[in-house]
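Notes follow once the structure below has been shown.
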Amino acid sequence: MAGDESRSNPFSRRTLLRTSAAAGAGLGVAGLSTGYGAAQPVRPAKGESMMGVAFEAHETVRVGIIGVGNRGASMLPLFLAVPGVAITAVCDVSADAVNRAARAVTDAGHPEPAKYSAGEDDFENLLRRDDVDFAYVATPWEWHTPMALSAMRNGKHVGVECPAGTTVDELWELVDTSEKTRRHCIQLENCSYSQNEMRVLRMVHDGLFGQVLFGAGAYLHDLRELLFSKTYYAGQWRRAWHTGLNGDLYPTHGLGPVAAYMDINRGDRLVRITSMSTPAAGLAQYREQHMPAGDPTWNERYVKGDATISLIQTEAGRVVQLAHDVSNPRPYSRLNQLQGTNGVFEDYPARIYLEPTHSNDEWGDFAEFADYDHWLWKEVGPGPGGHGGMDYIMLYRLAQTMRLGLPPDIDVYDSATWSAPFALSVESVRRNSAPVDFPDFTRGRWQTPHPGVDSPKPA
């Protein structure tokens with residue numbers, strides 16, 4: 001957990017064995033046994049739909065944090081800053097990390113949380129507590145689904161860092177368990193709460209872009225130094241994924257906002273994906289330039305193509321482009337593009353062109369549309385913390401929905417849908433970029449209107 005939870009190489013334990021065996025059987029990481037592009041079956045429901053289901057109201061939202069490394073430790077003070085939130089328990093396999101987290105809570109003037117660090121399964125004891133309403137999971141990816149499932153089975157709502165799951169089977173299990181236990185499972189996608197993304201979303205819903213046709217999202221972030229750091233990702237777990245799978249390993253930052261623009265699972269749905277990857281070159285080159293002879297990294301073979309590009313089509317015929325590259329030198333970007341019949345928005349840097357306001361092929365100033373900022377940004381944001389304030393806005397809104405007894409903005413169907421390109425892109429790349437169908441995690445309810453990220457201000 002320390003450094004996002006101190007786990008050993010995920011491919012030395014469960015993940016590589018599972019995914020490699022599946023691929024060898026012609027199933028791929030997505031667990032698909034059907035032919036290219038064949039429709040995926042809808043699984044029988046284990047309970048009633050969780051769409052639009054409200055939280056029970058909480059006077060205080062009591063949070064248990066699993067994983068207090070880089071991400072978890074950075075989010076801890078933001079939870080404490082949100083009105084009506086208390087941290088009652090923290091867990092990590094590193095006792096030092098747990099003690100630091102507990103001290104941060106008490107230093108902020110709050111009671112000391114219960115501490116769990118007795119091995120990699122001690123999170124189960126945290127989840128059995130009766131003073132935890134919401135479990136926050138900030139651990140290596142292979143633990144997201146098991147921990148979320150345990151949380152729900154122990155009666156806790158759960159929020160998971162990206163992605164919610166790494167296989168289609170995992171995602172279906174999250175959906176099934178949420179429906180069966182009546183507990184919410186939320187992909188904590190902070191980028192959905194970024195100021196620009198929320199402003200564009202308001203403009204879409206006010207009709208400024210006309211008919212929405214195309215969107216693009218990405219995770220383009222030079223992580224080479226961090227991936228090879230001996231301390232940042234404890235156990236160097238994140239680089240290990242590049243030795244096992246070739247696809248878009250971090251789709252939700254780009255897809256979550258674009259899915260909101262297109263009302264995915266609220267009138268439209270993702271139907272199929274086609275993905276392709278470049279050669280894997282960047283990490284090997286970085287290793288050659290920076291790692292000494294004899295370093296254990298020289299035993300690694302990187303199979304994850306540096307750039308993975310995916311095209312997704314929706315039921316309404318719209319197209320989404322996703323991109324992922326963490327292995328090459330470049331400025332940070334999530335692309336965040338939207339094209340409609342009335343104009344276009346492109347981010348990094350933010351610029352806009354809308355008829356009839358703009359003309360002569362000259363970009364307009366996006367700041368001129370500040371009146372369309374979401375009410376969360378007008379009245380709450382940016383708040384403390386990094387990432388431009390979107391982390392705090394996300395946690396504020398989460399706690400608000402739990403305290404007032406409202407439905408969450410992001411439900412288990414969104415969480416599964418946004419995370420699915422992880423597995424589906426790997427399968428498409430393995431099949432020489434053949435189309436692979438998206439499961440309908442909503443079981444046919446994707447046209448049902450229900451609350452989303454563009455939430456109205458509570459009365």
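Each Cβ is built from the backbone N, Cα and C atoms, and glycine gets one as well.
Fair warning: this is a prediction, and the values are worked out from it, not measured in the lab.
What Swiss-Prot lists as signal peptide is 1-45. According to Swiss-Prot, the feature NAD(+) binding site maps to Asn70, Arg71, Asp92, Trp141, Glu142, Trp143, His144, Glu161, Cys162, Asn190, Tyr250, an assignment based on similarity to another entry. Summarising the annotation, Swiss-Prot assigns substrate binding site to Tyr219, Arg238, Tyr250, Pro251, Thr252, His253, Tyr332 and lists similarity to another entry as the type of evidence. Annotation comment: Swiss-Prot describes 440-459 as region 'Disordered'.
Positions of Swiss-Prot features highlighted on the structure.
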residue : record                 : Cβ neighbours (10 Å)
Asn70   : NAD(+) binding site    : 19
Glu142  : NAD(+) binding site    : 22
His144  : NAD(+) binding site    : 26
Cys162  : NAD(+) binding site    : 23
Tyr219  : substrate binding site : 25
Tyr250  : NAD(+) binding site    : 24
Pro251  : substrate binding site : 29
Thr252  : substrate binding site : 31
His253  : substrate binding site : 25
Tyr332  : substrate binding site : 10
Between His144 (NAD(+) binding site) and Tyr219 (substrate binding site), how many Å separate their Cα atoms?
19
Looking only at C-alpha atoms, tell me how far Pro251 (substrate binding site) is from Cys162 (NAD(+) binding site), rounded to the nearest Å.
8
Integer Å distance between the CA atoms belonging to Tyr219 (substrate binding site) and Tyr250 (NAD(+) binding site):
7
Among Tyr219, Arg238, Tyr250, Pro251, Thr252, His253, Tyr332, recorded substrate binders, what is the largest CA to CA distance in Å?
18
Close binding-site residues near Cys162 (NAD(+) binding site), where close means Cα within 10 Å, chosen from Tyr219, Arg238, Thr252, His253, Tyr332:
Thr252, His253
Reported as an integer number of Å, what is the Cα distance between Asn70 (NAD(+) binding site) and His253 (substrate binding site)?
18
Cα distance (Å, whole number) from Tyr332 (substrate binding site) to Glu142 (NAD(+) binding site):
25
Can you tell me how many other Cβ atoms are located within 10 Å of the Cβ belonging to Arg238 (substrate binding site)?
22
Span of the NAD(+) site, taken as the largest CA to CA distance across Asn70, Arg71, Asp92, Trp141, Glu142, Trp143, His144, Glu161, Cys162, Asn190, Tyr250 (Å, rounded to a whole number):
23
Please report the number of other Cβ atoms within 10 Å of the Cβ of Asp92 (NAD(+) binding site).
33
Number of helical, extended and coil residues in the region 'Disordered' (440-459), per DSSP:
0 helix, 0 strand, 20 coil
For His253 (substrate binding site), what is the secondary structure by DSSP, using just helix, strand and coil?
helix
